[in-house]
């Protein structure tokens, strides 16, 4: 493939191992330190880039308070020891924050506003409770169902609309853990994980090399015994078929093709298309469908042209309707979340967008795939999609 000078290319990507939020390996590690150490590792393996050449650092984070407040991106940049001349901004599109950071960087490169961007995101859900200090306007109830603020209830509603059974959800949840465990055992995450110091059960410092969240022994039978998590009377969504509450950070180094060539850095993929969409907040999990359809149309592609898909697993009850309406259910075993997803790895809000896009690139390299889609739903009714093409 021949690249044009202003094509947007991903040169490298990395993430921390995912940690459980409740008494997990990062319980004594701050969100800004998680990110700063990750950035240090990513830049160290791209030594041809002088960090002073970074035009902007764009970092996703949802719960922007405490250690994640006061423009955490700038705090991370300073903590990582990057030149003070490099600017930084924190973005918040809820679950889609770091993918939105990627899109902003890509749009800037296409427009000629810059050549080098460091993007990513973080969420320490163990330190910053997602349910505290949230004060939705009561007047929203005039135009939006009050239950739309409960992501679990929106997943319940979506599953009812699409006839998704409890059995199908449990099978999907078990698959996520099985695929993630297999990927770990086979070293498939080695490209993307940068090990870091955390703490073991006794509180002793230890090097965290793998995701703490995966449960290899998860079975459909075990999941079938769990009680509903959001609707105790007749509900089907359980903790076992929901994305885990976790701590983590992810990052990508994004450039114009011209700058990558100038620095002698080899691109992994180029951004082929990007799209956003809105949906009724009551079915917020459906957002990936219109977002992906829009991204495909913008690129002149069909879903059949796509080799690999990473869909953020907010809930099995949400993922299955999306796959159904994108005509991916029959192709799931060959194309979708082949290294597991957020049910096994977790969904640290600000981190997940570049996390799933990085994992997509890992899968594409292993499968020698050409075209890939990363997509996710977003709380309160949005969807975001990125289409990448390997170079």
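Using N, Cα and C of the backbone, Cβ positions are placed for all residues, glycine too.
Quick look at what Swiss-Prot annotates:
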| type | residues | note |
| --- | --- | --- |
| ACT_SITE | 95 | active site, acyl-thioester intermediate |
| ACT_SITE | 347 | active site, proton acceptor |
| ACT_SITE | 377 | active site, proton acceptor |
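Positions of the features from Swiss-Prot, shown on the structure.
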residue: 95; record: active site, acyl-thioester intermediate; DSSP (3 states): strand
residue: 347; record: active site, proton acceptor; DSSP (3 states): coil
residue: 377; record: active site, proton acceptor; DSSP (3 states): strand
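With the fewest other Cβ atoms inside 10 Å of its Cβ, the least crowded of the active-site residues 95, 347, 377 in this structure is 347. Recorded residues residue 347 (active site, proton acceptor) and the residue listed as 'active site, acyl-thioester intermediate' have their alpha carbons 8 Å apart, per Cα-Cα distance. For the pair the residue listed as 'active site, acyl-thioester intermediate' and residue 377 (active site, proton acceptor), the C-alpha distance works out to 7 angstrom.
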